[in-house]
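Contents: one structure, followed by commentary.
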Amino acid sequence: MDHFLTNDLEYVVNDPFEDDFFSEDESQRNDDSDDVIDSDFEDDYESSKPKTDTSALEARKGKDIQGIPWERLNFTRDKYRETRLKQYKNYENLSRPRLELQKECLEADKGQAFYDFEFNTRLVKSTIVHFQLRNLLWATSKHDVYLMQNYSVMHWSSLLRRGKEVLNVAKPIAPTRQRPGLLSDSLSRVQISTMTVKDNLMVAGGFQGELICKYLDQPGVAFCKKMTTGENAITNAVDVYLNHNGAMRIMVANNDAQVRVFDAETFASLNCFSFNWSVNNTSVSPDGKLLAVLGDSAECLIADANSGKVTGSLKGHLDYSFASAWHPDGQILATGNQDTTCRLWDVRNLSQSLAVLKGNMGAIRALKFTSDGKFLAMAEPADFVHVFDTQSDYLKCQEIDLFGEIAGISFSPDTEALFVGVADRTYGSLLEFNRRRYNFYLDSHILVGLPLTNQVLYILIKAIFSVFELLVDESIWWKKKENLSRVAVFIRSSGPGGVELQK
């Protein structure tokens, strides 16, 4: 992987949103300069929302989901999209002929809608350290998201619509307690290049080869260390997984062609695997036995997760790879490449890929399966996230069209929410999409023929259950009047024998 910061790159397309007429106050602007070391998050939802946030209701009324004022610009959204597609230049490391690649790609129906837009906030804004690394956002529930904002790891509650700084890595950090036989380093001003969150453990990697581990329910950090002192030391990927015996492990992939394994409880170093090229991404199969290794090679590898011994190779990509994800059944592996494709592999037969999925304009930088295996999300470096229906053999797809660099994507563990982090000087934000459930309007079908009193009673019972789901902290809840509006129930007659319920 190329060893330079995002700030070293020129923007591939002129940004029409840079005009001072649309610029925001400095307190609202995303600033990547070293002077911004503390969280500038303002916990004032009421005063900030009208300016920065977009709800599903506002979007249905015509507001742009990112709050971009197209009506005040000299061009339409469609015209800018057309220009962007023509001018965007995909970054390549290997210049190989790609004329035949299009013929391999599936022609998916992109008109599907699996996840509906729910909310967009600019109170937290994703930032990117390295332009090729886009795993900087993780959801631990449908209400809890963790992301990088400058030097801060932020937590966003989609329930309370509130952000909170979890860790500031600009300040000096050291483990809260020393562990016998374990050497840690004191770190400061860490530029986090990749991160992951699993259960209660957050693991982050830095641009200078740092590794930081923190328990989310405890103050300070549990472990921090520089993996290597080499100049080409950037930490490209981190993963928390269960090995074949059920023990939790941390895997760290660095640009020095090393993959290191640590115990997730003691943080002791357990193993180190060496490869012939810089490792950009690793992922372990659900059963903990197989390891996918991707990096500065058109070839991807399958190795034994315990020993690191290479057992197979995946050939078909034309450039370097930066993303991978395992289907929950452990049989299908997805790999994302700078040749603008994602390939699907059956690990029982690695001779050729099962299918090839194509992006619109850029490399495939992030891949995520839902925990039930029904959907695969595929993110390009900018503007597009594709959600494929796996049960249709990936022939049905939802295309999420936005503007800005994509810092990360994440499904909630229960599959109910999809979050997208957008890094942009003005419109950097966190977007939330909720899974569409086709039985949502079953109410009107059930209610037909019931007496009106029974209909009202049925609706009130459903409303009570909705309140209980949202009523997490009563002492905070009733003080926040915007929360009350989220569970307001409007009963409107829809004709004889029918009642419509709206949230």
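Numbers here mean position along the shown chain, with the first residue as 1.
Placed from the backbone N, Cα and C atoms, the Cβ positions cover glycine too.
The region 'Disordered' annotation in TrEMBL covers 20-58. What TrEMBL lists as compositional bias 'Acidic residues' is 32-45. Annotation source TrEMBL lists compositional bias 'Basic and acidic residues' at 46-58. Here TrEMBL flags 314-355 as repeat 'WD'.
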Spatial neighbours of the repeat 'WD' (314-355) far in sequence, C-beta under 8 Å, 6+ residues away: 1, 90-94, 96, 98, 101, 104-106, 132-135, 280-287, 290, 292, 294-302, 361-369, 371-373, 376, 378, 380, 390, 393-394
Residue counts (helix, strand, coil, in that order) that DSSP gives for the repeat 'WD' (314-355): 0 helix, 21 strand, 21 coil
PLDDT averaged over every residue in the repeat 'WD' (314-355): 96
